[in-house]
């Protein structure tokens with residue numbers, strides 16, 4: 001089978017990695033390439049680079065840093081941020097990215113998922129979903145990178161992930177934004193529900209604060225990977241320690 | 001160390017190129033059958049759909065060049081699948097037909113999502129110069145929704161509920177189902193071994 005993946009997420013703004021609580025009040029965490037090399041050496045299984053300002057500003061990401069990262073890494077990485085066309089996605093892969101993640105553009109035009117899958121193969125098409133609990137349901141939100149542009153997408157999370165899978169998504173990253181940045185643990189109930197509805201890999205995002213949170217989400221929600229940002233960037237959790245803990249807890253990880 | 005990489009508009013050419021350059025290789029990227037015929041060794045990368053990849057190889061006149069190539073040839077990911085006879089992907093796709101058998105879809109099951117995406121352990125079935133220094137239990141990074149037939153060509157396998165031929169060989173052709181360029185130390189070792197195969 002596959003090892004459970006530990007995935008540091010680097011939110012990139014103007015070439016720097018930033019992190020805020022619930023997407024607000026960004027703090028500079030360092031240079032993207034430097035952090036990427038550090039995580040590679042510590043045993044990260046995959047990295048995600050998310051250009052958090054690209055989508056709200058209506059621009060796409062900068063292929064230059066995609067290529068710089070690709071030269072450096074011998075582990076897979078995914079890029080996200082403002083990818084709106086198959087051509088832009090193809091250019092990310094041409095510059096060395098392994099996967100591309102789309103979020104708001106997929107909500108604006110769901111056919112984009114199928115177009116990307118047909119041309120690039122579904123295994124490199126990741127659909128990111130920002131989900132919050134509201135009026136008794138998990139609901140999709142969009143433009144979450146910018147507090148002023150953020151809004152509800154008018155879709156139920158569980159319906160949207162199944163639709164995205166049907167259109168050709170190869171993986172879903174479910175970012176539970178009630179939990180994001182507050183370190184109280186992943187939203188295991190929501191992720192377990194999503195896992196039951198999908199046949200493609202599911203990656204958990206939002207809420208990691210302690211090593212036990214990773215064990216809980218792997219054991220109880222059966223997700224393929226767990227994404228986190230601030231706990232890694234701040235040094236609160238070191239990846240080698242996390243992997244040793246998970247291994248001893250009976251969760252298969254790559255050590 | 002000279003290596004020719006087929007760039008035919010199907011995927012991960014850049015990441016494979018960078019991995020080879022990290023090993024000190026001189027990499028030529030081409031879609032010209034004449035370059036292929038003259039190459040010292042050839043890598044056929046690929047991500048995406050088999051139908052599209054074969055259509056591109058045909059349009060560029062590369063199918064015969066690859067079939068006739070007499071020196072070391074390495075197919076990576078989709079490139080490994082293309083070495084086989086046919087694929088169930090995109091209806092029924094005729095492949096390069098260099099190794100017998102049909103490529104099939106990985107059916108999802110509980111706790112076994114498809115595509116197979118992530119790090120799996122290798123089990124070595126047969127010693128081979130390509131696997132020099134690679135051990136049982138080494139990790140490799142896989143991303144694929146279709147799987148090659150398991151048979152005498154399998155040099156190393158992964159277990160994903162179904163046996164996954166991870167490294168294959170027939171005569172002067174090798175294949176890697178996983179991404180050696182993204183498989184840390186074991187992947188780099190395999191690429192290095194390929195560069196050192198006698199041409």
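Placed from the backbone N, Cα and C atoms, the Cβ positions cover glycine too.
Bear in mind that TrEMBL entries carry predicted annotations, made automatically and left uncurated.
Its Cβ placed at the centre, residue B:77 (active site, nucleophile) has 28 other Cβ atoms within 10 Å. Annotated active site, nucleophile per TrEMBL: B:77, in sequence order.
According to TrEMBL, the active site annotation covers B:179 (among others). Classification of residue B:179 (active site) by DSSP places it in coil, neither helical nor stranded.
According to TrEMBL, the active site annotation covers B:181 (among others). The Cβ of residue B:181 (active site) lies under 8 Å from the Cβ of B:12, B:15, B:16, B:18, B:19, B:20, B:76, B:187, B:191, each of these being in the same chain and 6 or more residues away along the sequence.
For B:8-195, the entry in TrEMBL reads domain 'Glutamine amidotransferase'.
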For residue B:179 (active site), which residues in the same chain are close in space, meaning a Cβ under 8 Å from its Cβ, but six or more apart along the sequence? B:12, B:15, B:76, B:77, B:140, B:141, B:142, B:143, B:187
When pLDDT is averaged across the domain 'Glutamine amidotransferase' (B:8-195), the result is 95
In which DSSP state, out of helix, strand and coil, do we find residue B:77 (active site, nucleophile)? coil
